[in-house]
Amino acid sequence: MNDLTITLKQAAKEMEFDLTENQTLAFEKYYNLLIEWNKNINLTAIIEPKEVALKHFIDSLTCLKILEIPCQANVLDIGTGAGFPGIPIKIFRPDINVTLMDSLNKRVNFLNEVIKKLGLTNICAIHDRAEDFGQKKEHREKYDYVLSRAVAKLKVLSEYCLPCTKLDGYFISQKGPDIDEEVKEASKAIEVLGGSLLNIHKLQLPFINDGRSLVVIKKVKQTPSVYPRKAGIPAKKPIA
């Protein structure tokens, strides 16, 4: 048994995730593809098996500790990069529908290869800008859960994610340990975009002193049609 598998199984047990053998094999295939493609395109700086198991795979699953996502729920991962958190969640929860969105076509090509090689179904990867994606009728307020892992500051991320979140759905931002000031700065944006801060869950990744914060925002009213604004504007002029 290799380092990735040993660490993954131990950490999953610690976090009370019951991984099957097929799911473990899927994570191994995912890791091998990640390392292979990372030689040619910049997917991740984290490549050691133990670190990938903890800081990518297990970290991606942490939101499942705080939310009971129902069968057939529609989940969107904005700014997914190399597929985190969306692909690990799909491996562990094959019963949900996952959409991965990223602004770089090379990364989307990688995601499609992973989907194909792992034989994943009811999952797709889309090449788009978050600002454009959220204005499209087929995506606007269509997702039960919108996830994003440390893509931008929360006040910017909210403008990317809340327009795609269904009324009474949830936007979950996966962040590092020191999040309080960032949440405070985002309070106006969250309100304007139709969200309400529900909770901030703090946790530690197993075996390493690495804290995480999961910011849970509920969609309580429709997002005004002017949001998200045109590409580049949310980052340059965040709602304040």
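Each residue, glycine too, has its Cβ placed from N, Cα and C.
What Swiss-Prot annotates here:
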BINDING   Gly79, Phe84, Ala130, Glu131, Arg149  S-adenosyl-L-methionine binding site
Request  = Measure between the Cα atoms of every pair in Gly79, Phe84, Ala130, Glu131, Arg149, the residues the record assigns to S-adenosyl-L-methionine, and report the largest value in Å, rounded to a whole number.
outcome  = 20
Inquiry  = Radius 10 Å, atoms counted are CB only; among the binding-site residues Ala130, Glu131, Arg149, which position scores highest?
reply    = Ala130
Request  = Note down the number of other Cβ atoms within 10 Å of the Cβ of Phe84 (S-adenosyl-L-methionine binding site), including every protein chain shown.
outcome  = 24
Query = Does DSSP put Glu131 (S-adenosyl-L-methionine binding site) in a helix, in a strand, or in coil?
reply = helix
Query = Three-state secondary structure of Gly79 (S-adenosyl-L-methionine binding site) from DSSP?
reply = coil
Key: Secondary-structure category, per DSSP, in which Arg149 (S-adenosyl-L-methionine binding site) falls   = strand
Remark   = Gly79 (S-adenosyl-L-methionine binding site), Cβ-centred 10 Å count of other Cβ atoms over all protein chains shown, is 21
